[in-house]
Amino acid sequence: MIIAKRNNDDQKYLKFCEADVQKLSDIVKYKKLDLLHQHFEGMENLVKVLGAHSENGITDDAENIRQRRTIFGSNTYQKPPPKGIYFFILEAFKDLIILVLLVAATLALAFGIKQHGLKEGWYEGGSIFVAVFLVVVVSAGSNYRQSRQFQKLSKVTNNIKVEVLRNGRRQQISIFDIVVGDVASLKIGDQIPADGPFLNGHSLHVDESSMTGESDHVEIGAEKNPFLLSGAKVANGYGNMLVTSVGMHTGWGAMMSTITRDSDERTPLQERLDRLTTYIGKIGLTVAFLVLLVLLVRYFTGNTQDDLGNKEYNGGKTKSDDIINSMIRIFAAAITIVVVAIPEGLPLAVTLTLAYSMKRMMADQAMVRKLSACETMGSATTICTDKTGTLTLNQMQVTRFWLGEEVIVDYTASKIAPGIQRLLCQGVGLNTTGSVYQSASGTMPEFSGSPTEKTILSWAVSELGMSTEELKHDFSILHVEAFNSEKKRSGVLIKKAHENTTTHVHWKGAAEMILGTCSKYYDSSGDMTSMDQDKMKRFEQIIQDMAADSLRCIAFAHKVIPDEELKYKEDGKTLQSLKDDNLTLLGLVGIKDPCRPGVEGAVRACQDAGVHIKMITGDNVFTARAIAIECGILKDDQALNSGVVVEGVEFRNYTEDERMDKVENIRVMARSSPFHKLLMVQCLKKKGHVVAVTGDGTNDAPALKEADIGLSMGIQGTEVAKESSDIVILDDNFASVATMVSWGRCVYNNIQKFIQFQLTVNVAALVINFIAAVSAGKVPLTAVQLLWVNLIMDTLGALALATERPTKELMKAKPIGRTAPLISNVMWRNLMAQAIYQISVLLILQFKGKSIFKVNEKVKDILIFNSFVLCQIFNEFNARKLEKRNVFEGILKNRLFLGIIAFTLILQVVMVEFLKKFADTTNLNVVQWFTCIGIAAVSWPIGWFVKYIPVPDTPIFSLLQRKRKKASTEDDAC
């Protein structure tokens, strides 16, 4: 027998039957209503068997929760084991060039040992082995870290909050903390957290497409289909469910246990970089082939010399082992040129940048669900934002109440007729998806639900003396019409308990919507007065005045319906439609929701960055205009301009040409529905804008999916909205949206910095080795040395440049746009200046180094290698700023960059001075070291001076194409 604590007054432990976990799972999973009655004799008995209470839930003591988790399992599912470091090492070894290098290293090792013995013969082959292994391990380590980052983000993404009833109190807990017996509260947009039957609620429809693939919404009812499946989404209505299966015992858990989150998602930028890498790789292969051809020709024609100055190849006199060793050396040199030429570090730089940025974005209150959003956000030209909770604090308070034509300040019974007070309490307490919990200790009541619902409930309890317990006892709810984003109102049909004479309809919603359905109104004394044309205009003016004061206006209306006027279904239930005409206005409340501190600065920052801000809200025109002015979206003079503030219906009624013509000018769209928001996003995209959209409701899902970047709200956002979005704003704050724009630009900017840095190395290395091979028959940089340069470029360089934080300058530039080239004219100018300098200096060292420094061939080659590496280290500073001349600005704040530079310098000293056999180097004296540093340091003034050279805004290749077209046009004309 299982012991569980039941949530009742005497708090006694009751014994209940051992529930078969598999039977509970099968009943819901396969929707077996007959088995529910057969095994548990209906819902009421099942609730008792699980030691729960349909209205109060279970007890919240630790022992009870522990027992339930032990017996029925936890609400988690088993995942395939994450990929370890060895998987990524093996993946790295699958690279074709790495495999070719390993073959070359093996042959060099074998023939080296055969020719020179084990003591000295392993140096060349062993060095290549070690260098390749270092490159592989560092690359695999970076990918492994990124994989771990995705796992952490996945845990945060899946950890959604769920409302449950425990000890009679509605509270939010993690979905992982749900246990069998819990009574979970569901509303529109929620994800169903576990399997279980429906207990109570109204108009509940769920979307089970994630489980069944069927797009049609399923109606849930206590009699025909009471089964709710984990992973489904609530599409309409609200209700409570009893949790009977969790975790691996649910169909969702079994399915998700076989799925791993794909961390190999390719972003648009990564795909563009892959194409760039392929193109540069083809150039590298061509150069490597030419070098191979030249070296082979020079070797077999006797134009190459060994370390002693003798000809390497003397026809038939040369031993076969020497020929094979020379062939391996030449082949390895050519392959290594390919390794350096192919910028494999570009995709790695993107990976590092995105992984780092995602981690920092989490600290800045944004959780990235789709990698591509990181970079796309930097291209955003327009942000369509919600008002409530995003621009405002979502800390609402009723500040004004109109009863008839009188503002009520004193809420005592003498000012409000008792009958009106009772009707208001009914309209607030029964027409709501929120709830009130009053503890036995008599402390302040706790309110749950949406911010608007909690605000109105709090007002009714404190000012009108409403008691939700009494209302639930005195009235039964016959039918509910849930809040509709088109009609912007909700309604409830109620009847007094044990009475069959009359029913009451209560409506609540946007003031002007409710007002349009009213033909009468109550005054403070309780008298009903006809709503003539003058009175209607008077109430419209009241609503406008409240809206102009930035108040959100909610109206309550009521109607008594005789029982004979109600229509019934065959089962005796009322038809699913409520009377919404000839209503009587009960009252108007004005809700104040202050703007968030700092939102005006965030809006201005986006506008300064060339990003247009459009506010799309369900509030009326006057409220929307007032809030937009307060937030800085509208200037006072703009607010009066025609076409700047429109209503959603007005926008929809435009012709397509009118919409396309006017959409740019619109700053505020009021009284909008999700369809209007979607229509605006589509128009903006057709105009060429990169559009970001914020949304928190289920109905926002189409606009969030349609937008280039969907931004859902982490606090008030529904699970459907989050599922449809690319980024979740954890604090619902527009300032965080502005921060995301800054991070998006930072990602793109960091990758451009690395492209400039790496292509400088690629160009310099290719040209130097090619010219040296053609002229001297020997490349100055050995395979191991080039692999070391590759390691500096691909990994350490990417890590140094990919971790720069956003700067203020980024938010002063124009949006990047959809078609901006990866390599801008500024980058071409910078990298060509540095590459030309490096090529010039290193070729002088190649041909005149021995005579200038009075050194032998070996020392000259090391001077070239050392100068080349130091040039890249110094050029990393230049790459930090693409356009600014002061490349040292903010350098002390980036300790990681300074640490990597210091680490690289130390490793270079070790390579030259201590790893002579491994790296084929020799010692350099102090003068030679300072000479190399001096050569490298010249890149700083070059970088400073070259930024004075102006470049056209139009991409250089576009200019060349225009010139070609112009020339061809002139030829045709001739």
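Including glycine, each Cβ sits where the backbone N, Cα and C put it.
Pulled from TrEMBL:
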type	residues	note
DOMAIN	37-113	domain 'Cation-transporting P-type ATPase N-terminal'
TRANSMEM	96-113	transmembrane segment
TRANSMEM	125-144	transmembrane segment
TRANSMEM	279-300	transmembrane segment
TRANSMEM	330-356	transmembrane segment
TRANSMEM	759-777	transmembrane segment
TRANSMEM	783-802	transmembrane segment
TRANSMEM	896-915	transmembrane segment
TRANSMEM	927-946	transmembrane segment
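In summary, the transmembrane segment (125-144) lies against the transmembrane segment (783-802): three or more C-beta pairs, each 6 or more positions apart in sequence, are under 8 Å. Only residues 6 or more beyond the boundaries of the transmembrane segment (759-777), in the same chain, are considered here, and those with a CB under 8 A from a CB of the stretch are 280, 283-284, 287, 290-291, 294-295, 298-299, 303-304, 333, 337, 340-341, 343, 786, 789, 793, 823, 831-832, 834-835, 838-839, 842-843, 846-847, 864, 868, 871-872, 875. With a cut-off of 8 Å between Cβ atoms, the residues of this chain six or more beyond the transmembrane segment (927-946) that come close are 829-830, 833-834, 837-838, 841, 853, 855, 859, 863, 866-867, 870-871, 873-875, 877-878, 885, 887. The domain 'Cation-transporting P-type ATPase N-terminal' (37-113) scores a mean pLDDT of 81 in the predicted structure. Long-range contacts of the transmembrane segment (896-915) within the same chain, counting only residues at least 6 positions beyond its ends with a Cβ under 8 Å from a Cβ of the stretch, are 788, 792, 796, 799-801, 803-804, 862, 865-866, 869-870, 873, 876, 880, 921, 923-924. When DSSP labels each residue, the domain 'Cation-transporting P-type ATPase N-terminal' (37-113) comes out as 49 helix, 1 strand, 27 coil, counted as helix, strand and coil in that order.
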